[in-house]
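Enquirer: Dropping a structure here in structure tokens format, bear with me for questions.
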Amino acid sequence: MNHFSYRKRVLHAEEVPLSAIADAVGTPVYVYSTATLRRHFRVVTEAFGSHPHLVCYAVKANSTLAVLRLLAQEGSGFDIVSGGELARVKAAGGEPGKTVFAGVGKTADEMAQALSAGILFFNVESPEELDLLDAVGRAQGKRAPFAVRVNPNVDARTHRHISTGLKTSKFGVPFEETVALYARAKRMKGVQAVGLDCHIGSQITRTAPFKAALSKVGGLYKELKAQGHALQYLDVGGGLGITYTEETPPTPAEYARTTLSAVGDTGATIIFEPGRLVVGNAGVLVTRVLFRKKTAARQFVVVDAGMNDLMRPALYDAHHGLQPVVQRRGQEVEVDVVGPVCESTDVLARQRKVVLPKQGELYALMTAGAYGMSMASTYNSRPRPAEVLVDGAAWRVVRERESVEDLWRGERP
Ligand SMILES: Cc1ncc(COP(=O)(O)O)c(C=O)c1O
Ligand SMILES: N[C@@H](CCCC[NH3+])C(=O)O
């Protein structure tokens, strides 16, 4: 459920026509809906009912300050993977005490910043990382709270680029080595085990992989508790998929039921780290048609957004819905919607049936709120898009379009 819909043939974000935003701010522009963000967060947290839990929104999905602030106001915690994300959470008014820190390559500086900020816990991904965290903790005269991210060796049955829970993946500690790592941690003075963590991948559209991973992880949690580790948190990661085209992922309520039936009896506070589920359908990328171009093989529509602005189609062959901002009647033709970037993979929408647009008309690439702007780059020296947040009939620019001067800030010719 989202708040992007047609009114009198014009696509609106809540009560604002996307054409009005594009005309005022220029294109490409990301547009987010406050009502959708709020609704998604509430549906997710309410799904766990009265079971002790904390939703830690995965900042990497969309790290724009205004989005983080809105979620912080809703009571969200955060899942971060860098010092930069920690700084963003703090700048947006998020609470470090409700923030967990994952990632296979944390530096000593990042650990020290997070520990002094009072982070909830670190998700440790290797024995050497645990040694470094121990040193950082001792240097501050503290015990750094941690959970081991265990790799349960489960196939998430998602795109191979976004699967993280197989034994060939770089993420987490092998299942069989986890008990020994907790035992070793017990002898350290700079760390304190507080939980257990796993995350098996992203855009997961069935419950079976979650069930398989959680039954292993739930068993391990109980075993660790029985060995005397005073664990309190079971972090089940993120990864619940959304509908881009025809996927029918479990609803948050179904997901929560699956989770609680697998690990509800552990007595742990459940930490859930959704990213895409919260922001994916809350954002669109609005782009303007530059040229139509016909070759013997294809009808192309060249738009002013490229793979640098929305990388998912080029990176994962991902599908994003393509909607004209103003609907027009006419004969449909099959087109490839392509960006200006000098790469053959710069195809935002492939072989779609549309009424051939005129130059200057607008398209919205749907479901672009997650891993859109946060993965944007300046490749081809293209300044990154502006971002707008709509709230009812009001809207505001929450990030200015990057300027050419921004592109070379810090450079010394
Ligand atoms: C550790 C961790 N937690 C949470 C997420 C969020 O994933 P998603 O956006 O699929 O919910 C990710 C990304 O896959 C992740 O790596
Ligand atoms: N960036 C990916 C998901 C990776 C999730 C991060 N662990 C996407 O757009 O689908």
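Sequential numbering from 1, following the chain as shown.
Glycine residues also receive a Cβ, built from the backbone N, Cα and C atoms like all the rest.
Remember, TrEMBL labels are computer predictions, not curated facts.
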Enquirer: Can you pick which of Gly239, Gly306, Gly339 TrEMBL lists for the same pyridoxal 5'-phosphate site as Glu273, Pro274, Gly275, Arg276, Tyr371?
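Expert: Pyridoxal 5'-phosphate site check in TrEMBL: besides Glu273, Pro274, Gly275, Arg276, Tyr371, the record includes Gly239 out of Gly239, Gly306, Gly339.
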Enquirer: Could you check the binding-site residues Gly239, Pro274, Gly275 and say which one's CB has the fewest neighbouring CB atoms inside 10 Å?
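Expert: Sparsest of the binding-site residues Gly239, Pro274, Gly275 by Cβ contacts within 10 Å: Gly275.
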Enquirer: Among the binding-site residues Glu273, Glu343, which residue has its Cβ surrounded by the fewest other Cβ atoms within 10 Å?
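Expert: Result for the binding-site residues Glu273, Glu343: minimum number of other Cβ atoms within 10 Å at Glu343.
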Enquirer: Out of the binding-site residues listed (Arg312, Tyr316, Glu343), which are within 10 Å of Tyr371 (pyridoxal 5'-phosphate binding site), Cα to Cα?
Expert: Arg312
Enquirer: Measuring Cα to Cα, how far is Gly239 (pyridoxal 5'-phosphate binding site) from Lys60 (N6-(pyridoxal phosphate)lysine) in Å?
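Expert: Roughly 12 Å, rounded to the nearest whole number.
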Enquirer: What residue among the recorded positions Lys60, Arg276, Arg312 has the most other CB atoms lying within 10 A of its CB?
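Expert: Buried the deepest by this measure is Arg276.
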Enquirer: Counting only other Cβ atoms and using a 10 Å cut-off, which of the binding-site residues Tyr316, Tyr371 scores lowest?
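Expert: Relative to the other binding-site residues in Tyr316, Tyr371, Tyr316 has the fewest Cβ atoms within 10 Å.
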